[in-house]
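Colleague: Below is the structure I would like to discuss, written out as structure tokens.
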Amino acid sequence: MIERPDWTGRRLEVEIGPVAHGGHCVARYEGRVVFVRHALPGEVVVAEVTEDAGGGFCRADAVEVLTAAAGRVSPPCPLAELALGRDRCGGCDWQHASGETQRELKAAVIAEQLQRIAGIEWPVRVRELPGGLLRWRSRARLAVDRKGRAGFRAHRSHRVIPVDDCPITVEGALDEVTNRRWRPGAELTVAIDSVREVHVTAVDHKPQRRRGRAVARQVHGSGVAHETAAGRPFEVAVQGFWQVHKAAPDTFTEVVARLAATPPGGVAWDLYGGVGLFAAVLAEQVGPAGSVVLVESSKRAVEDAVANLRDLPQVSYRAGTVEDVATDEGLPAPDVVVLDPPRKGAGRAVVDAVTARRPARIVHVACDPAALARDVGLFAERGYRMTELEAFDAFPMTHHIECIALLERAG
């Protein structure tokens with residue numbers, strides 16, 4: 001085998017090809033694939049190789065644009081400027097692209113994943129959420145550098161890029177973390193809720209302490225976020241899950257309700273149900289004569305859901321993994337199943353458990369198009385086909401996307 005020299009640090013002039021999942025585009029140089037960040041399809045750029053583990057591909061950052069695409073814009077954040085090179089903040093992927101271009105790129109990624117993984121040709125349109133490209137993010141995680149400054153990590157690195165503000169976070173969200181010094185190595189979670197209370201949680205990592213045993217401490221705010229969605233109040237532990245885009249909960253509940261269309265008196269399962277966001281709208285559909293079963297592995301989230309939906313006696317709760325609970329023959333057979341799995345997707349065990357109960361409709365909420373495509377393929381093996389797909393730019397400036405798919409039993 002011929003040993004290939006390490007290209008790390010080498011600068012390559014390349015023509016940029018199609019977008020790929022993960023916030024980069026594909027180029028080719030001397031027979032190798034180069035995954036280039038901060039470029040757009042059709043451009044000619046100078047790219048500096050940042051990682052080269054050998055083999056057929058390497059990773060690079062655009063450092064100079066020789067021929068710009070029509071969709072290129074000046075980044076609204078100074079920490080995304082091309083001239084910063086490896087010192088760019090790693091939190092965003094598409095600051096250099098117009099909003100329309102970002103949505104076109106994300107649509108292409110979804111379509112490619114569905115075609116390649118699930119074997120489905122599907123025309124995709126990514127919808128913009130209300131509020132624009134900036135000041136949408138209500139939750140953020142930051143790290144602390146050796147000087148005690150809070151910031152975000154560089155891409156695929158542990159290096160911390162200190163920040164004074166972040167233009168995609170809600171105005172004022174970071175004031176309580178950027179105006180002081182922290183213990184070096186700490187990790188910070190920031191949330192600003194619907195009533196504009198800011199919550200800051202810190203995890204201090206000490207060298208002698210195993211990382212998994214570090215204890216979170218609340219340093220600002222009550223630690224309980226007060227949110228409003230679908231016309232209802234919700235209380236959520238700030239360490240728990242809530243959609244980060246401030247407009248997402250209202251939009252997603254509206255779409256889930258439309259796709260679920262659970263009949264009055266029917267039965268719905270809300271898998272990975274969290275604090276009850278989707279269970280609330282499902283309960284309204286089934287009414288007092290129906291039932292909704294919420295399944296969630298986090299005991300704290302279940303406690304929050306019970307409190308949030310205490311006026312809806314038709315909702316019952318099961319604390320446990322979806323893989324375990326969904327196979328319980330004692331659960332009532334569902335007319336509709338809503339599932340909102342973590343980024344890795346539902347997987348075969350959950351798909352098998354759900355389809356074994358033969359619901360008429362399955363609503364799949366997904367934050368990763370590759371995981372969605374894998375699950376759609378698994379559902380197809382069990383006789384369910386995707387009949388509708390809604391895609392949302394719920395994470396502007398980043399490569400992340402939210403999809404909501406309807407699957408129906410064939411025949």
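Just so it is clear, glycine is given a Cβ too, placed from its N, Cα and C backbone atoms.
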Colleague: Which one, ASP193, ASP340, ASP352, is listed by TrEMBL in the same S-adenosyl-L-methionine site as GLN243, TYR272, GLU296?
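Modeller: Record check against TrEMBL: S-adenosyl-L-methionine site with GLN243, TYR272, GLU296, extra candidate from ASP193, ASP340, ASP352 is ASP340.
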Colleague: In the domain 'TRAM' (5-64), how many residues does DSSP assign to helix, to strand and to coil?
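Modeller: Helix, strand and coil residues of the domain 'TRAM' (5-64) number 0 helix, 35 strand, 25 coil.
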Colleague: Roughly how many angstrom lie between the C-alpha atoms of ASP340 (S-adenosyl-L-methionine binding site) and CYS367 (active site, nucleophile)?
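Modeller: Cα to Cα, ASP340 (S-adenosyl-L-methionine binding site) and CYS367 (active site, nucleophile) are separated by 9 Å.
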Colleague: Can you grab the distance from GLN243 (S-adenosyl-L-methionine binding site) over to CYS367 (active site, nucleophile)? Cα atoms, rounded to a whole Å.
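Modeller: Cα of GLN243 (S-adenosyl-L-methionine binding site) to Cα of CYS367 (active site, nucleophile) measures 11 Å after rounding.
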Colleague: Would you mind pulling the longest C-alpha to C-alpha span across GLN243, TYR272, GLU296, ASP340, which the record has binding S-adenosyl-L-methionine, in angstrom?
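Modeller: Among the residues the record ties to S-adenosyl-L-methionine, max Cα distance equals 16 Å.
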Colleague: What are the sequence-distant neighbours of TYR272 (S-adenosyl-L-methionine binding site), meaning same chain, six or more residues apart, C-beta distance under 8 angstroms?
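Modeller: Same-chain residues close to TYR272 (S-adenosyl-L-methionine binding site) (Cβ under 8 Å, separated by 6 or more) are VAL295, GLU296, SER297, VAL322, LEU339, ASP340, PRO341, PRO342.
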